[in-house]
């Protein structure tokens, strides 16, 4: 009886069928990255807003003021007395008298400076020039409540974290494609509810759920793609990252064309319903079916793959062999029970955490260069495109481990140099920081591929989901780490980033090299992977000893 990899090679390791499935599932990267970065446009700060005084409606009706005249008479008088007060978060706490003159409602206070008049904080009486342009103006996330915008992004990352655990586990137990389709449905439904949330609490609840299901779509589609191609074609795990970057590049165009946050939210959520059509064109992972003792279904799918690829499987194949390792519900203990698995898991968790924290930290530090949000965001996304191409041209030539380590080391050096470059050579400082971002992007993309290659089929989806959950933790911590340390010394975060990246670069050298090696099917396969330096070619089991040669 042939092994799965032998059948896959005969059916075609990356033929027409796999290319079609890869292209279809890659579209998930566009919608997921749009969800990931959408807060930039959903939470845009309003261009102009001000605090409306109590009883303003009655005053305006009595004097026949327009909204602009109301602002001129009740807010602008703050400026002559105190230039630091803009009228956005505070208002004059006085009795307004229009009985004498509607054009001088403060006449009763004579020549007193408005700087000497009492002030009161504004509570829920803001007026916006564009009231539905963002969630900030929709839910009054300004002044003392401005921190709630950060909370909304933290809640999304918590959803990603929950999705990594819950849906990662579910995909290993109930199937990749089933969880993928349910996740797509969940993202679409939750996205619609988010767009029409009656209050901020409902917004946060379904923002969390959309993040959870969004993580389910992204991680599961990634695992499906890597499990249906041959060991020499797993570079598709890197190529799929290009579609994530395309989502980042497309998002500002969507936001530019759609003026309201509800429209943007719907534009990035509704396409997920189209992915439900994949039920008829994307099969269950045959590798997963084999681990669940469903060999007949797996063989049927492999014959279909061969047919679409113009190949032919021997009619004598009645079963595909897999290890006799017992299939059980995955748990964290399965990832740390044996020495090699334990070392891989701990290093990968740290690599995920470090990559996410440094990546988001550098993005926030570089900020938006210039005044055009849409153009600057587009350019910042385009910077990431070379990362995937650099990986593609190197990873199958020199392996995974060295580019993984070097990208972290270069990021570390770039952060350290940037920290000590003087401010008067801003162009050089920005260029070196951008090099750091490019390097950490490479590390971020390589960890996706390496993670999926270092776990057996029975634990792959759960292992990738669990380790990548540290990415979400890093995303939650990054803004707090950046801004708190920057308050002490502006460049201190870069020093921390440099240390974290340097340690990561050294640790990943301890991982096994997986270039050209078949995906491990069992924990024993992982334990047999070489972890020393040297040439690592394809390995196979000896027919008599069952050991690797």
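All positions are counted from 1 along the displayed chain.
Just so you know, glycine gets a Cβ as well, placed from its N, Cα and C.
Bear in mind that TrEMBL entries carry predicted annotations, made automatically and left uncurated.
The feature transmembrane segment is assigned by TrEMBL to 21-42 (among others).
Residues or ranges marked as domain 'Major facilitator superfamily (MFS) profile' in TrEMBL: 99-516.
Within the same chain, residues 35-36, 39, 43, 135, 179, 183, 203-204, 207-216, 219-220, 329-330, 461-462, 464-466, 468-469, 471-473, 475-476, 479 sit at least 6 positions outside the transmembrane segment (151-170) and bring their C-beta atoms closer than 8 Å to a C-beta of that stretch. For 151-170 (among others), the entry in TrEMBL reads transmembrane segment.
Residues annotated as transmembrane segment in TrEMBL: 177-196 (among others). Among residues of the same chain six or more beyond the transmembrane segment (177-196), those with a C-beta under 8 A of the stretch's C-beta atoms are 28, 31, 35, 163, 167, 170-171, 202-203, 206-207, 209-210, 212-217, 220-221, 224, 262, 265-266, 268-270, 272-273, 275-276, 278-279, 282-285.
Sequence-distant contacts of the transmembrane segment (202-225), counting only residues of its own chain at least 6 positions beyond either end whose CB sits under 8 Å from a CB of the stretch, comprise 21-22, 25-26, 28-29, 31-32, 35-36, 135, 139, 151-152, 155-164, 166-168, 170-171, 176-177, 179-180, 182-187, 190-191, 193-194, 236-237, 240, 269, 272, 275, 282, 285, 448, 452, 460-461, 464-465, 468, 472. If you look up TrEMBL, you'll see 202-225 (among others) marked as transmembrane segment.
Here the transmembrane segment (237-258) has long-range neighbours at 22, 25-34, 36-38, 40-41, 221-222, 225-226, 264, 267-268, 373-375, 377-378, 380-382, 384-385, 387-388, 391-392, 395, 445-446, 448-449, 452, meaning same-chain residues at least 6 beyond its ends whose C-beta is under 8 angstroms from one of its own. Taken from TrEMBL, the feature transmembrane segment covers 237-258 (among others).
Beyond the ends of the transmembrane segment (264-282), by six or more residues, the same chain brings 20-21, 24-25, 27-28, 30-31, 34-35, 38, 41-42, 177, 180-181, 184-185, 187-188, 190-192, 194-195, 210, 217, 224, 251, 254-255, 258 to within a C-beta distance below 8 angstroms of the stretch. Summarising the annotation, TrEMBL assigns transmembrane segment to 264-282 (among others).
If you look up TrEMBL, you'll see 347-368 (among others) marked as transmembrane segment.
The transmembrane segment annotation in TrEMBL covers 374-395 (among others). Packing against the transmembrane segment (374-395) from elsewhere in the chain are residues 40, 235, 238-239, 241-242, 245, 248-249, 251-253, 255-256, 363, 366, 368, 403, 434, 437-438, 441-442, 445-446, 449, 515: each is 6 or more residues past its ends and has a CB under 8 Å from a CB in it.
Counting same-chain residues at least six beyond the ends of the transmembrane segment (402-421), those with a Cβ under 8 angstroms from any Cβ of the stretch are 351, 354, 358, 362, 391, 394-395, 428-429, 432-433, 435-436, 439-440, 442-443, 446-447, 450, 491-492, 494-495, 497-502, 504-506, 508-509, 511. According to TrEMBL, the transmembrane segment annotation covers 402-421 (among others).
If one looks beyond the transmembrane segment (427-450) by at least 6 residues along the same chain, the residues whose Cβ comes under 8 Å of a Cβ in the stretch are 222, 226, 234-235, 237-238, 241, 348, 351-352, 355-356, 358-359, 362-363, 365-366, 369, 383-384, 386-388, 390-391, 395, 400-401, 403-404, 407-408, 410-411, 414-415, 417-418, 421, 464, 468, 497, 501, 504, 508, 511, 514. As annotated by TrEMBL, transmembrane segment applies to 427-450 (among others).
Sequence annotations record features per position, and here TrEMBL assigns transmembrane segment to 462-482 (among others).
According to TrEMBL, the feature transmembrane segment maps to 488-511 (among others).
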